[in-house]
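S.K.: One structure follows; several queries about it will come next.
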């Protein structure tokens with residue numbers, strides 16, 4: 001993919017995530033609906049942490065695109081690839097897949113209906129839907145160097161245990177689970193659920209590695225370039241559609 005289009009994709013994605021994070025930050029101080037509590041702020045939610053992760057990755061990618069000279073061997077490029085392959089793709093995909101799976105079963109377990117008055121539908125999709133097509137667009141935009149599997153899985157495990165320890169700490173402090181679903185498990189059930197989640201994230205890491213290898217093989221390169229161009233167009237259109245939907249919703253109210 002031409003470097004100018006790749007840079008435009010990265011800058012657009014970074015701007016989009018910056019907008020979403022700022023929108024959520026502006027909610028600070030508003031009256032919270034039932035199910036959202038003050039302790040830990042947004043930092044206790046994997047969705048918010050994932051948005052920061054995506055914003056950081058695409059910011060690094062944009063800076064890497066804009067730096068002069070050879071980029072492939074630069075330290076920034078290596079860190080960018082590491083961040084995407086080990087964290088941004090598997091964690092971002094995990095957030096989308098797990099959220100909508102639970103939401104389809106019983107939304108009250110993960111995103112109670114009363115939250116809709118606090119977060120309009122378009123921001124819900126910005127947090128839990130658009131993440132995936134943007135990540136797939138990144139897979140198509142350029143190849144990424146993946147680290148040795150044992151190192152990647154070790155890093156994922158450390159981060160996973162750290163986040164799980166954090167939400168358990170929040171529960172022990174305030175007596176409320178970050179996600180209502182967790183309150184339905186026994187201690188053994190929680191361990192099993194956490195282990196299952198780590199297995200899913202690991203499989204998503206392997207999926208990202210596989211997609212990267214397949215798409216950037218010589219036989220698929222031409223098609224990946226065409227798909228990447230399409231993803232860039234969709235990324236430009238998506239915010240316009242969201243804002244249009246939001247405006248129609250306001251008028252109907």
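Yeah, the Cβs are placed from backbone N, Cα and C, and that goes for glycine too.
Where the annotation comes from TrEMBL, it is an automatic prediction and has not been curated.
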S.K.: Under TrEMBL, which of the candidate ranges 45-63, 64-82 is annotated transmembrane segment?
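M.R.: Of the candidate stretches, TrEMBL labels 45-63 as transmembrane segment.
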S.K.: Same chain only, please: residues at least 6 beyond the ends of the transmembrane segment (45-63) with a C-beta under 8 Å from a C-beta of the stretch. Say none if there are none.
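M.R.: Counting only partners 6 or more residues beyond its ends, the transmembrane segment (45-63) has Cβ contacts under 8 Å with 7, 10-11, 13-14, 17-18, 20-21, 24, 76, 79-80, 83-84, 87-88, 91-92, 95, 99, 127-128, 131, 134-135, 138, 163, 178.
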S.K.: How about the transmembrane segment (7-25) and the transmembrane segment (153-179): do they have 3 or more C-beta pairs under 8 A, pairs 6 or more apart in sequence?
M.R.: no
